[in-house]
Amino acid sequence: MDNVSFMALDAQQIAQQSLPKHVAIIMDGNGRWAQAQGRPRVYGHKKGVDAVKDAVKFCSKLGIESLTLFAFSSENWRRPEEEVSTLMELFMMVLGREVKKLHKNNVKLSIIGDMSRFSNKLQEKIAAAESLTAENTGLRLNIAANYGGRWDIGYAAQQLAKQVQAGELSADDIDEHSLAKHISLNEQSELDLLIRTGGDLRISNFLLWQAAYAELYFTPTLWPDFNESAFADAIACYVSRERRFGCTGEQIKQLLCTAQP
(Lines of atoms letter the chains of each structure in order from A and count residues from 1; the text may use other names and numbers.)
(Lines give C-alpha, C1' and ligand atoms only; values in the text may rest on other atoms or scores of the structure.)
Protein backbone atom coordinates (compact mmCIF):
# COMPACT_ATOMS: atom_id res chain seq x y z
CA MET A 1 0.00 0.00 0.00
CA ASP A 2 2.97 2.36 0.47
CA ASN A 3 3.11 3.21 -3.23
CA VAL A 4 -0.61 3.68 -3.74
CA SER A 5 -1.80 7.26 -3.75
CA PHE A 6 -4.87 8.22 -1.74
CA MET A 7 -6.79 9.46 -4.77
CA ALA A 8 -6.08 6.25 -6.70
CA LEU A 9 -8.34 4.38 -4.30
CA ASP A 10 -12.08 4.50 -4.73
CA ALA A 11 -14.37 5.46 -1.86
CA GLN A 12 -15.21 1.88 -0.92
CA GLN A 13 -11.55 0.86 -0.72
CA ILE A 14 -10.70 3.85 1.43
CA ALA A 15 -13.60 3.19 3.77
CA GLN A 16 -12.61 -0.45 4.15
CA GLN A 17 -8.87 0.04 4.46
CA SER A 18 -8.15 3.26 6.26
CA LEU A 19 -10.95 5.38 7.65
CA PRO A 20 -11.61 5.14 11.38
CA LYS A 21 -14.70 3.20 12.38
CA HIS A 22 -15.03 4.95 15.73
CA VAL A 23 -14.12 8.58 16.44
CA ALA A 24 -14.38 10.34 19.81
CA ILE A 25 -14.07 14.07 20.42
CA ILE A 26 -13.34 16.15 23.51
CA MET A 27 -15.23 19.29 22.53
CA ASP A 28 -13.12 21.94 24.25
CA GLY A 29 -12.99 25.69 23.75
CA ASN A 30 -16.60 26.87 23.87
CA GLY A 31 -16.00 29.29 26.72
CA ARG A 32 -12.80 30.75 25.28
CA TRP A 33 -14.47 31.13 21.89
CA ALA A 34 -17.28 33.15 23.46
CA GLN A 35 -14.89 35.30 25.47
CA ALA A 36 -12.93 36.09 22.30
CA GLN A 37 -16.21 37.35 20.83
CA GLY A 38 -16.86 39.47 23.90
CA ARG A 39 -19.80 37.25 24.84
CA PRO A 40 -20.59 35.22 28.00
CA ARG A 41 -19.31 31.63 28.17
CA VAL A 42 -22.81 30.20 27.81
CA TYR A 43 -23.01 31.71 24.32
CA GLY A 44 -20.09 29.51 23.29
CA HIS A 45 -21.90 26.39 24.46
CA LYS A 46 -24.91 27.31 22.34
CA LYS A 47 -22.68 27.80 19.28
CA GLY A 48 -21.03 24.49 20.08
CA VAL A 49 -24.33 22.73 19.36
CA ASP A 50 -24.00 23.81 15.72
CA ALA A 51 -20.55 22.21 15.59
CA VAL A 52 -22.06 19.00 16.95
CA LYS A 53 -24.62 18.97 14.14
CA ASP A 54 -21.84 19.48 11.58
CA ALA A 55 -19.77 16.65 13.07
CA VAL A 56 -22.74 14.27 12.95
CA LYS A 57 -23.40 15.12 9.30
CA PHE A 58 -19.73 14.71 8.43
CA CYS A 59 -19.45 11.27 10.03
CA SER A 60 -22.70 10.12 8.46
CA LYS A 61 -21.57 11.17 4.99
CA LEU A 62 -18.17 9.56 5.42
CA GLY A 63 -19.60 6.26 6.64
CA ILE A 64 -17.98 6.34 10.07
CA GLU A 65 -19.73 3.83 12.32
CA SER A 66 -19.57 5.55 15.72
CA LEU A 67 -19.06 9.09 16.99
CA THR A 68 -18.64 9.64 20.73
CA LEU A 69 -18.79 13.19 22.07
CA PHE A 70 -17.70 14.35 25.53
CA ALA A 71 -20.56 16.68 26.41
CA PHE A 72 -20.38 16.90 30.19
CA SER A 73 -17.76 15.37 32.46
CA SER A 74 -18.28 14.36 36.07
CA GLU A 75 -15.90 17.21 36.96
CA ASN A 76 -18.06 19.83 35.19
CA TRP A 77 -20.34 20.12 38.22
CA ARG A 78 -17.60 22.32 39.73
CA ARG A 79 -18.20 25.03 37.13
CA PRO A 80 -20.23 28.17 37.92
CA GLU A 81 -23.87 27.35 38.69
CA GLU A 82 -25.16 29.49 35.82
CA GLU A 83 -22.96 27.64 33.32
CA VAL A 84 -23.99 24.21 34.61
CA SER A 85 -27.65 25.25 34.47
CA THR A 86 -27.22 26.39 30.87
CA LEU A 87 -25.52 23.13 29.92
CA MET A 88 -28.42 21.15 31.38
CA GLU A 89 -30.96 23.33 29.57
CA LEU A 90 -29.07 22.86 26.31
CA PHE A 91 -29.02 19.12 26.85
CA MET A 92 -32.78 19.12 27.40
CA MET A 93 -33.35 21.33 24.37
CA VAL A 94 -31.20 19.22 22.05
CA LEU A 95 -32.85 15.99 23.21
CA GLY A 96 -36.28 17.48 22.65
CA ARG A 97 -35.65 19.28 19.37
CA GLU A 98 -32.91 17.38 17.57
CA VAL A 99 -33.71 13.74 18.30
CA LYS A 100 -36.43 13.63 15.64
CA LYS A 101 -33.91 14.86 13.07
CA LEU A 102 -31.44 12.22 14.21
CA HIS A 103 -34.14 9.58 13.88
CA LYS A 104 -35.05 10.80 10.40
CA ASN A 105 -31.38 10.46 9.40
CA ASN A 106 -31.17 6.89 10.76
CA VAL A 107 -28.83 7.89 13.63
CA LYS A 108 -28.88 5.72 16.76
CA LEU A 109 -28.42 7.78 19.92
CA SER A 110 -26.92 6.49 23.17
CA ILE A 111 -26.06 8.39 26.35
CA ILE A 112 -23.18 7.05 28.46
CA GLY A 113 -22.30 8.11 31.99
CA ASP A 114 -23.84 8.21 35.46
CA MET A 115 -27.43 9.31 34.91
CA SER A 116 -28.34 9.26 38.61
CA ARG A 117 -27.41 12.90 39.20
CA PHE A 118 -29.70 14.21 36.47
CA SER A 119 -33.27 15.31 37.15
CA ASN A 120 -36.06 12.78 36.63
CA LYS A 121 -37.32 14.87 33.71
CA LEU A 122 -33.94 14.76 31.97
CA GLN A 123 -33.61 11.02 32.59
CA GLU A 124 -37.03 10.51 31.02
CA LYS A 125 -36.03 12.54 27.96
CA ILE A 126 -32.83 10.51 27.63
CA ALA A 127 -34.77 7.22 27.80
CA ALA A 128 -37.30 8.46 25.25
CA ALA A 129 -34.60 9.61 22.83
CA GLU A 130 -32.73 6.32 23.06
CA SER A 131 -35.94 4.35 22.61
CA LEU A 132 -36.98 6.35 19.54
CA THR A 133 -33.68 5.72 17.74
CA ALA A 134 -32.94 2.23 19.09
CA GLU A 135 -33.62 0.39 15.82
CA ASN A 136 -31.72 2.79 13.56
CA THR A 137 -28.83 1.32 11.60
CA GLY A 138 -26.81 4.38 10.61
CA LEU A 139 -24.28 6.36 12.63
CA ARG A 140 -24.00 5.44 16.31
CA LEU A 141 -23.95 8.76 18.15
CA ASN A 142 -22.80 8.41 21.75
CA ILE A 143 -23.06 11.38 24.10
CA ALA A 144 -20.93 11.15 27.25
CA ALA A 145 -22.79 13.05 29.98
CA ASN A 146 -21.73 13.10 33.64
CA TYR A 147 -19.06 10.72 32.43
CA GLY A 148 -15.54 10.00 33.61
CA GLY A 149 -13.15 7.28 32.50
CA ARG A 150 -12.30 6.34 36.09
CA TRP A 151 -16.00 6.12 36.92
CA ASP A 152 -16.49 3.84 33.90
CA ILE A 153 -13.77 1.42 35.02
CA GLY A 154 -14.91 1.55 38.64
CA TYR A 155 -18.51 0.82 37.64
CA ALA A 156 -17.38 -2.16 35.54
CA ALA A 157 -15.35 -3.51 38.47
CA GLN A 158 -18.39 -3.11 40.70
CA GLN A 159 -20.50 -5.21 38.32
CA LEU A 160 -17.88 -7.98 38.40
CA ALA A 161 -17.81 -7.84 42.20
CA LYS A 162 -21.58 -8.31 42.27
CA GLN A 163 -21.26 -11.35 39.98
CA VAL A 164 -18.63 -12.86 42.27
CA GLN A 165 -20.79 -12.17 45.32
CA ALA A 166 -23.76 -13.85 43.65
CA GLY A 167 -21.67 -16.91 42.79
CA GLU A 168 -22.02 -16.25 39.06
CA LEU A 169 -18.30 -15.66 38.51
CA SER A 170 -15.08 -16.85 40.10
CA ALA A 171 -12.57 -14.19 41.12
CA ASP A 172 -9.90 -16.26 39.36
CA ASP A 173 -11.78 -15.84 36.08
CA ILE A 174 -11.64 -12.05 36.13
CA ASP A 175 -9.45 -10.66 33.38
CA GLU A 176 -9.43 -7.74 30.97
CA HIS A 177 -11.99 -9.46 28.75
CA SER A 178 -14.54 -9.95 31.52
CA LEU A 179 -14.03 -6.36 32.66
CA ALA A 180 -14.38 -5.05 29.10
CA LYS A 181 -17.87 -6.56 28.88
CA HIS A 182 -19.07 -3.99 31.42
CA ILE A 183 -17.21 -0.96 30.03
CA SER A 184 -19.25 1.66 28.15
CA LEU A 185 -19.44 1.17 24.36
CA ASN A 186 -18.25 -2.44 24.62
CA GLU A 187 -20.67 -3.52 21.88
CA GLN A 188 -19.31 -1.00 19.37
CA SER A 189 -16.12 -0.89 17.32
CA GLU A 190 -12.87 -0.21 19.15
CA LEU A 191 -12.03 3.47 19.42
CA ASP A 192 -9.73 4.39 16.52
CA LEU A 193 -9.30 8.15 16.79
CA LEU A 194 -9.59 10.50 19.76
CA ILE A 195 -9.68 14.21 18.87
CA ARG A 196 -9.35 17.09 21.31
CA THR A 197 -10.09 20.63 20.20
CA GLY A 198 -9.01 23.78 22.02
CA GLY A 199 -5.25 23.25 22.21
CA ASP A 200 -4.81 21.32 25.47
CA LEU A 201 -2.70 18.16 25.25
CA ARG A 202 -4.51 15.80 27.60
CA ILE A 203 -7.51 13.46 27.51
CA SER A 204 -9.11 14.68 30.76
CA ASN A 205 -10.40 11.36 32.12
CA PHE A 206 -12.27 10.55 28.89
CA LEU A 207 -12.57 6.96 27.62
CA LEU A 208 -9.45 5.84 29.51
CA TRP A 209 -10.07 2.15 28.81
CA GLN A 210 -11.36 2.59 25.27
CA ALA A 211 -8.47 4.84 24.17
CA ALA A 212 -5.77 2.25 24.92
CA TYR A 213 -4.80 1.87 21.25
CA ALA A 214 -6.48 4.91 19.72
CA GLU A 215 -4.65 7.50 17.67
CA LEU A 216 -4.65 10.88 19.41
CA TYR A 217 -5.15 14.15 17.53
CA PHE A 218 -4.87 17.55 19.20
CA THR A 219 -5.82 20.77 17.47
CA PRO A 220 -5.77 24.40 18.67
CA THR A 221 -9.08 24.98 16.87
CA LEU A 222 -11.80 25.87 19.36
CA TRP A 223 -14.88 23.64 19.22
CA PRO A 224 -17.33 26.16 17.66
CA ASP A 225 -14.81 26.63 14.82
CA PHE A 226 -14.28 22.88 14.29
CA ASN A 227 -15.97 22.69 10.90
CA GLU A 228 -15.95 20.07 8.14
CA SER A 229 -12.56 21.23 6.90
CA ALA A 230 -10.98 20.90 10.36
CA PHE A 231 -12.56 17.46 10.82
CA ALA A 232 -11.28 16.41 7.39
CA ASP A 233 -7.76 17.41 8.42
CA ALA A 234 -8.04 15.21 11.51
CA ILE A 235 -9.21 12.25 9.42
CA ALA A 236 -6.44 12.88 6.90
CA CYS A 237 -3.87 12.80 9.69
CA TYR A 238 -5.30 9.53 10.97
CA VAL A 239 -5.25 7.97 7.50
CA SER A 240 -1.62 8.94 6.95
CA ARG A 241 -0.58 7.47 10.29
CA GLU A 242 -2.64 4.32 9.99
CA ARG A 243 -1.98 3.30 6.39
CA ARG A 244 1.25 5.14 5.62
CA PHE A 245 0.04 6.90 2.54
CA GLY A 246 -0.69 10.57 2.66
CA CYS A 247 -3.77 12.58 1.95
CA THR A 248 -4.95 16.09 2.60
CA GLY A 249 -8.06 17.55 4.12
CA GLU A 250 -9.14 18.60 0.63
CA GLN A 251 -8.89 15.00 -0.57
CA ILE A 252 -11.04 13.85 2.34
CA LYS A 253 -13.66 16.39 1.29
CA GLN A 254 -13.48 15.07 -2.29
CA LEU A 255 -14.07 11.60 -0.83
CA LEU A 256 -17.29 12.92 0.69
CA CYS A 257 -18.51 13.73 -2.80
CA THR A 258 -17.51 10.39 -4.35
CA ALA A 259 -19.00 8.45 -1.44
CA GLN A 260 -22.47 9.87 -2.01
CA PRO A 261 -24.99 7.46 -3.63
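Cβ atoms are placed via backbone N, Cα and C, with glycine included.
Marked as Mg(2+) binding site by TrEMBL: D28, E215. Secondary structure at D28 (Mg(2+) binding site), as computed by DSSP, is coil.
The active site annotation in TrEMBL covers D28.
In the three-state DSSP scheme, I203 (substrate binding site) is classed as coil. For I203 (substrate binding site), the count of additional Cβ atoms within 10 Å of its Cβ stands at 18 [all protein chains shown]. As annotated by TrEMBL, substrate binding site applies to 29-33, R41, H45, 73-75, W77, R79, R196, 202-204.
Look at N76 (active site, proton acceptor): DSSP puts it in a helix. Other C-beta atoms found within 10 angstroms of the C-beta of N76 (active site, proton acceptor) number 16, with every protein chain shown included. Annotation comment: TrEMBL describes N76 as active site, proton acceptor.
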Legend entry - Cα-to-Cα gap, R196 (substrate binding site) vs D28 (Mg(2+) binding site), nearest whole Å: 7
Inset, instruction - Tally every other Cβ atom lying within 10 Å of the Cβ atom of W77 (substrate binding site). - result: 12
Legend entry - Sequence-distant neighbours of G29 (substrate binding site) in its chain (C-beta under 8 A, six or more apart): G44, T197, G198, G199, T221, L222, W223, P224, D225
Legend entry - Spatial neighbours of G31 (substrate binding site) that are distant in sequence (at least 6 apart) but have CB under 8 A: R41, G44, H45, E83
